[in-house]
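What TrEMBL records for 49-333, 388-612, 873-1147, 1196-1443 is domain 'Ion transport'. The region 'Disordered' annotation in TrEMBL covers 1591-1704. Annotation source TrEMBL lists transmembrane segment at 72-96, 117-139, 185-207, 302-324, 389-410, 516-542, 867-891, 1003-1025, 1123-1144, 1224-1249, 1261-1280, 1409-1433 (among others).
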């Protein structure tokens, strides 16, 4: 998928090599030697080192740092002065060598030189401030904020790293890639801002200012202290729709400033926008939601925040991952040279390489021993080293060492743990000696140089050296070197070749991931230094006092854990500059979380991507594996093969005169004879042969085996049809077997001939023309039409193999069905063909037919109710019953149980009864286990039966007492599996689960890697921090002996900065002093350490661990937590994302697609979502409508409406409350804007007409909003209250959503998100069912747990709805670990009563909570949510395409839409097939055709439409799909199956077009000959008639001409084929005579005027044939032959002045002159046309009759 944009990296000329490092100056004759010195490598490297030193210097330049180390003040000053002098010298020398402004390489014309000059300027500013600080420290302290001017200095780091940014591309290409990537990021950011603005406006109107708090009665709201607040502080509602204050408290609005109460809320749009962004980051959103739930109705908060998380956090934000993934694919090819290729993975002492066999010319693997023994060890030692036992022994030793490390544990309340430590030291010393001996043994066998050839050996040697140093007991044993001891666990990866290969695939080549890690660290260093310089002047603010503090703060923002606290604290310190600070941190957070973390995902996906050659090979393998279906039956059916065969036999009693007849298989006899139908047939035959008296008795068939249920008596036609079917089946099998044998012999077989016919014959000229036009269709990539070679896979052969496998499998079932009477008999007693079983099958499999046949036309019509055909009717009933049962379970609580509530028991009984009926019907229809379609044939059936059994047992038992942590409580938890029945019943949801299970191997490998990583860090943490995390609850006590007694502890009840009561101080409570570990974590044993590290993987809880380690162990030990967070969370979790996405692509069939095939898939998706424009054409017949139409289509009118939408939406920036004075003004302006929208809608209705306006969906939506706006205008002026304001707010929000349709980028991204939502519907539904199951189980397990720090009034498991809310919060990762620890509470921190029921106690369950929360978080967050990311990445290609990587760009699609809009004037969405040719003529660009060259190509396309749609109407997508197939190279972009089908279709089309063209050509030749004969006849006859008229010299009498020489009497019968002359009439028209028109005259009005050459057929010079003479200017075709063969047809009205018109002569001379001129004109025209026809070729045949 990432290879979609992959291209071949072609070596470019030297002039195209681009280096984004410093430009190397070109030596010339007039350049000083000093300037040449600047170009030396060591000088340039030295300058880069000084850039790094400058960064270190600025990192130390803070007041707090100078206070801790005063000498640094002068050291940094001297360092900065030296670096400034060096860079100044460099700048001067470069200016001398390059010039200042003149020339292309002038100093100020180069961007990097400009950057260097700016950095030097800031060096001078920094140096001046530093000097001022040294000279006047007191004055500088008063103006410490000037250190902000030093903030840009850390960017000098770019000078150090830019040398690595090298591209082998021209600058224009690099700039193009950067521009395109930046444009995509800008577009997605704009889309993100659109949704944020939408939710910001809704939040302002939904909630408004949240200022109501519970305070003590009698408190002055203007002077509230910290002691007047409730404990804890609570928001409240002054109405009855929220939280009500307890007794002694009152709900009062506190008018506090933002720096006191906090910066989030919904007061106005800016604050709401800020709050929406915080919520979209999924940090702290739940507390904002709980605040709104206390102040306002809960339904508002639930709908608002749940939808916000879904759209913004799960859909829109993940689009950034798609952007970065696609952009990274662009850069990957260009960085490939810098990163290098993935090194081959060698096994042990040898390596396999690919070589070419000279004999066969094929590839083969050859093992090369590159580590030949070079040491001095004897041969036996060499054999031991090469043996597998040695390596297994070493791995076992590593495993035992890991187990030993895991057994270490400490107890903080025991004093004598030193003795245990001494024992463990001796054990570790023994392991260290053993591993040192291993290293020495390998060096002895391989030699030192041979040993160091492998990276694994270098790693082992390094570990041996460091662990040996670590064994020193006095100073080194308890140092950081312990890490190398636990690092031995990495060697366990070698124990699993699959895991080793996966690691090699993920992390190789190491430079790719390493470069990204270095880039991330550089970004952290630069941003930390900048932030430190911006805020270090604030006294008392410890977040950015020193560089370590700033680094930890910026790293905290990168992980998103508590990043809002960092921003809020800094904003409070910044004062009036808080908006600027907020913008700074949001920009950094946006870049770090959405781009940096997405880059990690892109790198992992790229490493998981296969090469192009491997994709093709895997496609072949997958195709062959799919063909080879399992021929063996499942074990449950193969059981019957263990029993002897007992076929069903029948016996025919012999007649008196016959020999004995043996028993015959009943299955054979059933095909030919039946007791009911053979008797009358045989009787009829005997009657015809013998008299009735001598007719013998007809024998009856005697059944000698088990009972057989015969079918109803068939008719003779049925018997004949069954015999014919048997014959056809046998013939089919024989031919298929013969074809398979012949195909194996060679190409002369049937398959070879059929395959030869299937290959499309391409004309040579067409192929050349197609290749010549590849640059138009393939974006500049010249491709050639590759024909199928003989060694390619034959799809038909694979299909036939698959058919044979299926036939053999079916044959096995038929044999079992025939030889074992109990086979395929449900429960071994229901008859195989019994009517009862058929009735059960009818009930089970009855479903709504989606495809139905039209009774009038006979065509299949797809029903519009597709959802009804999703499952059977029985499954629909059970889905409904299950949903009702789940609704009933949602009302259950620990105190409202089903055991004592009759209304809940009704639903329980109903579910069990209905499911029992369902299971019985399915078992009777398909069997339970030993039938082909048994109920228990897969995991879904087992789960169904298990759920039914659990429900039946629970309903039968109905226990009244449920002890805590008992089997009865576990039974109630299993009963909560009931919602999972729905995903078993719905096949699409079952498919999602199957796809996840297919990727279980990769998910297991990633989990194994993370477990190994956690185990290493846990062992390291236990040895470093074991027994050291405990402390006294009194922070002032640091020694364990003094931690006794009680103390007053301060209580922090609110985050608001309200001052406490000066007389009372902060609220306090008396608590005992206890020496204990932190409540949620410790490192006393490996198990708890791994639990703490697992919580850190989710970025939760690591701040508490870091702060505790810093407090107890020092700042240096915090590096342990930061390294683990970076490796485990930022890299480990992205492995989950990458693996889930890769598995989704593989299951979806896109992972193995090549670049071209992927482009084709993207094109098909893009065409699927494309729709006609639905824009009516300009009404040219109506001037007023045309004028209005021009106005509505003007770009300024569209911009005006867009601006008007934004202005109308901007009026919602403040809450519309009737009590506020500004509300009337805002609503009135909104009314005016809505009136303008009404005018806009009216103008469009006039311009487009109501019918044309209604065709567009967007117009319908805007009309709906406009109608609502009209209602609001009326209601506003009538009532004008809060309800009308709420209605107007809804109308305005709907109006704001229309802006997405007016912006192309927003529209395409909206389509991307919409398509993703549709495709992920079943994934989201499955996630909801999992949440529902866990919610029901949580109510049973933790419904009575006492409230803690995070379990409280809003978050608890007392009922299912609240449990769903808690689980949704856990999905976002919001303090899930703290909720888990609250549910782990055990005595003595809870009360466990002596009763027999769990609802009488308030304790939790430690083991159940651990399994419950960890499994839920892993399954939902790590797996299910990542499927949404995979779907978004897949669909984002619809938006990301451009002219370069798309087969058809959006410009091409828009061109087709405009063309379709011209042809489909009524905008029906379909046109007659004959108008397709007109569309093809109008198309331009890539879809256009050159009719001079592609005339035959046009015929093929038109005929394809006519053939596929049988001459009926064609839709927009039909024509577009045809054009897409014709505009690409199918051999490159289509897969084998699609390519075969396409070639067959094109071959048939070409064959039919060729036949039709030949037929048309022959018809045209025959028509030319006939027209020539008719023309000669017309000429001779007209001359005779003219001569007769001149000789008579008078009016012509009415005669009847039969074509002879003389005129005949009127009553004489005319000759056949001759019509009556138009001039032979009496009356006023007498005396006029006209020539009889020929065939060409009759067709003259139908001549195509668009291309006159198409109206006549060409003839060959070689053959000398001539075509027909077309009509020109009304001239008739005249020849010298008779008109005998001319068909009778009416003559057209003659054209005035034409030769065919005959006037009555007044005088003889005038008539003769007219005759002479007429004859002369006829001959001149005739000769000219003959010359033109003689110049034509055979290719100019007439195809005018070939109409489409």
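Counting starts with 1 at the first residue shown.
Including glycine, each Cβ sits where the backbone N, Cα and C put it.
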Could you pull the average pLDDT for the domain 'Ion transport' (388-612)?
85
So which of 49-333, 388-612, 873-1147 has the most C-beta pairs under 8 Å when paired with the domain 'Ion transport' (1196-1443)?
873-1147
State the non-local partners of the transmembrane segment (72-96) in its own chain: residues 6+ outside its ends, Cβ under 8 Å from one of its Cβ atoms.
25, 32, 34-35, 38, 47, 50, 53-54, 57, 60-61, 65-66, 107, 113, 116-117, 119-120, 123-124, 126-127, 130-131, 133-134
So, do the transmembrane segment (1003-1025) and the transmembrane segment (185-207) meet, by the test of 3 or more Cβ pairs under 8 Å (sequence gap 6 or more)?
no
Folded-back contacts onto the transmembrane segment (117-139), same chain, C-beta under 8 angstroms, at least six residues removed:
54, 58, 61, 73-74, 76-77, 80-81, 83-84, 87-88, 91, 107-108, 146-147, 149-150, 152-153, 155-156, 159
Which sequence positions outside the transmembrane segment (185-207), separated from its termini by at least 6 residues, show Cβ-Cβ distances below 8 Å to it?
266-269, 272-273, 275-277, 280, 292, 295-296, 300, 304, 308, 311-312, 316-317, 319-320, 323, 327, 590, 595, 1209, 1212-1216, 1286, 1289, 1292-1293, 1296-1297, 1299-1300, 1305-1306, 1309-1310, 1439
Beyond the flanks of the transmembrane segment (302-324) by 6 or more, those residues with Cβ under 8 Å of it
181, 184-185, 188, 191-192, 195-196, 199, 202-203, 206, 276, 279-282, 285, 288-289, 292-293, 594-595, 598-599, 601-602, 1137, 1309, 1312-1313, 1316-1317, 1365, 1368, 1372, 1425, 1428-1429, 1432-1433, 1436, 1440
